[in-house]
C-alpha cells in the first residue's frame, strides 16, 4: 500500500471558513431572511429577559418594572445592532445585554445609601438612576479607545496564537450558563438539546422546495415543540407539588410578563428620571466596560470567521469598539440596567444555520425594536422558560469556542513554546475565575475585599472574566517569551496582511462603510 501524500494527511489553512451557504454580503430570499431574522430575535430574548429577571427584584422592582426594563433593553439592543452592522465593524453581530456588568451593578444595588430607602419603588428608581450614571461615565472608556484608534494600536500585539485562547474562552467561559441551567429542569432541557442537535446536524439534508428547512430553522422548530410540551406539562399540573425553584424553571406561567406588559409602550431616554453620578460607581463600571471590550474583540473575530469574512483589520475593530461605547452610552440614557456586548449565542447561530448574512441580523434588529414597543406580543415570546435557551447555549457557546481553536491552524502547534502559551492561558482563563466564584460563595465576599469598594469591583470584574484573564496571560507570554525567532510559529506572516485595511483586497468588500462614508472616514 502506497504511503499517503502530505495533502491527504493534513488540511491547508484557509483565510475564510468554507461551507457557509450565505456569507456576510450575500443574502437569502426576503422570506427566508425575515424568518432567519425572527429566529435570531427569539434567541436574543434569552439574555434580554434573564438579566432583568435577576436584577430588577434585587433593586426593589415589581413585575411591571421588570417588563419595562426588558422592553427597554430589547429596544436599545435593536438600535445598537443596527448601528454596529451599518457603521461599526459591519459584521453580522447582535449587540445584547452583558453579564460582565454584574459585579459593579450588584455593588450599586447594595450601596448603603440606597438600601436605607424603605419604599421599594423609590429604591428601584434611585438604583436605576445610579446605574445609568455609572454606565454613562464608563462608556467614555470604549468611546475614547475606539475612536482614538488606541485599541487598534493595542490589537496589533495580538497574534493568532494570542487570539485563539481569548476567542475560545468567549464560548467556554460561559459554561455556567449552559448545562447547569439545563439541569434545573431536565425534562424540558434535555429534550430541547437532543431535538436541536438532531434537526441541525443529523437531519440537515432534509429539504422542502430546495430549502434545508430543519437545518436552517432548527432552533425555531425545536423551541416551538418544546415550548408546547412545557405548556402541556404546566397545564396538566405536573409541577403542582414540586419545589418553588423547579416550578420557576419549568412552568410556562411563572414569568409574569404577559399579564403586566402594556399593549403599547415606547421606551425613551431618561424615562426613569435624571441619572445620578458617583465616582466610586463609575470606576467600578469602567472595569466592566474593559471586560466587555475584550470579550467583544474575541466575539468580532469569531463572527468574521462564521460570516466567511476575513479577520477585521485593526482600524475596523477599533471603529466597532467606538460604536459599542456609544451603545453603552445609550444603555445609560435609556436605563437598560446593564451594558452592552456582542451576543455570543447569536454568533453561534450563524454557524448552526450556515447563514452569515448581515441583512438577516439587521432584520432581527427590526424585530427587537418592533416587539419591544408592542408589549403584550413581546412578552408572549419572552415567557419561554430559561431552560430552553440554556439547552441551545450548550451548542452555540461550544461552536464559538471551537472557532477560536480554529485560529491555531495558522500557528505551529508542534512548538513547545506555543503549546505552553495556549495551555497555560486557557487553563488560567478557566481556573482563576472559578477561584473567584468559589471564594465568593464560601466567604460571602470576593478575594479583593478592601475598604475601597470601587477597587474591589474593578479587580473582581476583571478576574471573573475568562476571556480577559486569557488575554492578559496569552498576550503577555506571546510578546515576551522567545519573541526573537518565533514570528512564523506565532502565525504573524499570515496575520500581517489583515492588520491594515489595505493589506488585503477583500477587506474593502466586507468592511467599507455604506453611503460612501469612507470619503469622510478614510481607513488606515
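Placement of Cβ uses the backbone N, Cα and C atoms for every residue, glycine included.
Those TrEMBL annotations? Automatic predictions, nothing curated.
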Could you check which of 71-90, 91-110, 211-230, 231-250 is flagged in TrEMBL as transmembrane segment? 211-230
Which stretch does TrEMBL mark as transmembrane segment, out of 360-382, 498-520? 360-382
Taking 458-477, 478-497 as the choices, which stretch does TrEMBL tie to transmembrane segment? 458-477
If you count CB pairs under 8 A between the transmembrane segment (38-58) and each of 211-230, 360-382, 419-436, 458-477, the winner is 360-382
Ranking 157-175, 181-199, 419-436 by the number of C-beta pairs under 8 Å to the transmembrane segment (458-477), which range is first? 419-436
Interface-richest range of 181-199, 360-382, 388-407, 419-436 toward the transmembrane segment (157-175), CB pairs under 8 Å: 388-407
Determine which residues of the chain contact the transmembrane segment (419-436) at the Cβ level, with the cut-off under 8 Å and only residues 6 or more beyond its ends counted. 161-162, 164-165, 168-169, 172-173, 408, 413, 446-447, 460, 463-467, 469-470, 473-474, 477-478, 481
